[in-house]
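Q: Could you have a look at this structure, given as structure tokens, before my questions?
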Amino acid sequence: MEFKHYSVLRDETIENLNIRPDGIYVDGTLGGAGHSYEIAKRLSDKGRLIGIDQDADAIKAAGERLAEFGDRVTIVRSNYSDMKNVLHSLGIEKVDGIMLDLGVSSFQLDTPKRGFTYRSEDAPLDMRMDDRNALTARDIVNTYSENDLYRIIRDYGEDKFAKNIAKHIVAARQKQEITTTGELNEIIKAAIPQKVRATGGHPSKRTYQAIRIELNHELDVLRDNLDDMIDLLNPGGRICIITFHSLEDRIVKSNFKKNENPCTCPPSFPVCVCGNKSKGTVITRKPILPSEKELEENSRSKSAKLRVFEKNDL
């Protein structure tokens, strides 16, 4: 199956990266290389693009798609959390732009055996972005305590029926192991009142999101590495991040704001004495959203938000 990933907010991201032909750029979530292709074709022979992804299918597809650019492009199978080490191994200390597209790819959603989608009834409960990891969604569903299931569905899925869903999962697995998306869907459906199911979208959506985030440590990786990525930027360099739900967006918004104004002095102080220096400027006071045209062409873009931060000239 061809690796597909509609490049959400592609033109807006490319425009905000301010690409210089001889610059060095990093795509930390390479996917199908839709964004990376647009970056690479704007580079001269002196420019470089480093693409990072933990998904083996993405690495293969991106390698084929970007082959025409030759040595201009380097692809590395890793998590963007290891960006600094990846760049160091390539002899690169600073870059001119970084982008992250935090969405699950269309390929991942549309390949049932990957277990990301609740729309398939007989897929295995997998959800690993990196299949080298041992833990799967099946392990979480069948081994986490009721309290831990409740916690992740509440915190990562923001589902008001989290407690009941966790209770139903634990009750069901005591009879037999839960192994497929279809089995999990039926359990979740039974835990949500019928009148809510009729109007609230697919009942499994929030629980699947919660399990996926927990399994792949998505929020921890984002939260723990934003500061380091900003530090990797040259003066005037930009980081562009596309998020797909409020949990991610809040982390990015808060981090960019903190790096723009890190002062911890009380408001009553006439001058700053804490010594914390601004690293740059938030370019997007409000996030950039998909155009009407994009929303018509790709319904999966509807929750996307792009935020941009520019490193200070030191």
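Going from the start of the chain as shown, residues are counted 1 onward.
The backbone N, Cα and C atoms fix where each Cβ goes, and this holds for glycine too.
Sharing the feature lines straight out of Swiss-Prot:
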| type | residues | note |
| --- | --- | --- |
| BINDING | Ala33, Gly34, His35, Asp53, Tyr80, Asp101, Gln108 | S-adenosyl-L-methionine binding site |
| REGION | 293-314 | region 'Disordered' |
Q: Under 8 Å Cβ to Cβ from Gln108 (S-adenosyl-L-methionine binding site), same chain, six or more residues apart: give me those in sequence order, or none if nothing qualifies.
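A: Asp55, Arg114, Phe116, Met129 - these are the non-local Cβ neighbours of Gln108 (S-adenosyl-L-methionine binding site), listed in sequence order.
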Q: DSSP secondary structure for Asp101 (S-adenosyl-L-methionine binding site), reduced to helix/strand/coil, please.
A: strand
Q: With an 8 Å cut-off on Cβ-Cβ distance and a minimum sequence separation of at least 6, pull the same-chain contacts of His35 (S-adenosyl-L-methionine binding site), or say none.
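A: Spatial neighbours, sequence-distant, of His35 (S-adenosyl-L-methionine binding site): Ser7, Arg10, Thr13, Ile14, Asp27, Met99, Asp101.
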Q: Based on DSSP, tally up the residues of the region 'Disordered' (293-314) by helix, strand and coil.
A: 8 helix, 7 strand, 7 coil
Q: Cβ distance under 8 Å to Tyr80 (S-adenosyl-L-methionine binding site), same chain, sequence separation 6 or more: which residues?
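A: Those within reach of Tyr80 (S-adenosyl-L-methionine binding site), by Cβ under 8 Å and sequence separation of 6 or more, are Gly28, Thr29, Ile52, Leu100, Val221, Asn225, Met229.
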Q: Give the sequence-ordered list of residues that share a chain with Asp53 (S-adenosyl-L-methionine binding site), lie 6 or more positions from it, and have CB atoms under 8 Å from its CB.
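A: Correct list: Thr29, Leu30, Gly31, Ile59, Ala62, Ile75, Arg77, Ser78.
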Q: Can you check which residue among the binding-site residues Ala33, Gly34 has the largest number of Cβ atoms within 10 Å of its own?
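A: That would be Ala33, with the highest Cβ count within 10 Å.
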Q: On the Cα atoms of Ala33, Gly34, His35, Asp53, Tyr80, Asp101, Gln108, which are listed as binding S-adenosyl-L-methionine, what is the maximum pairwise distance in Å?
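A: If we measure all Cα pairs in Ala33, Gly34, His35, Asp53, Tyr80, Asp101, Gln108, the largest is 18 Å.
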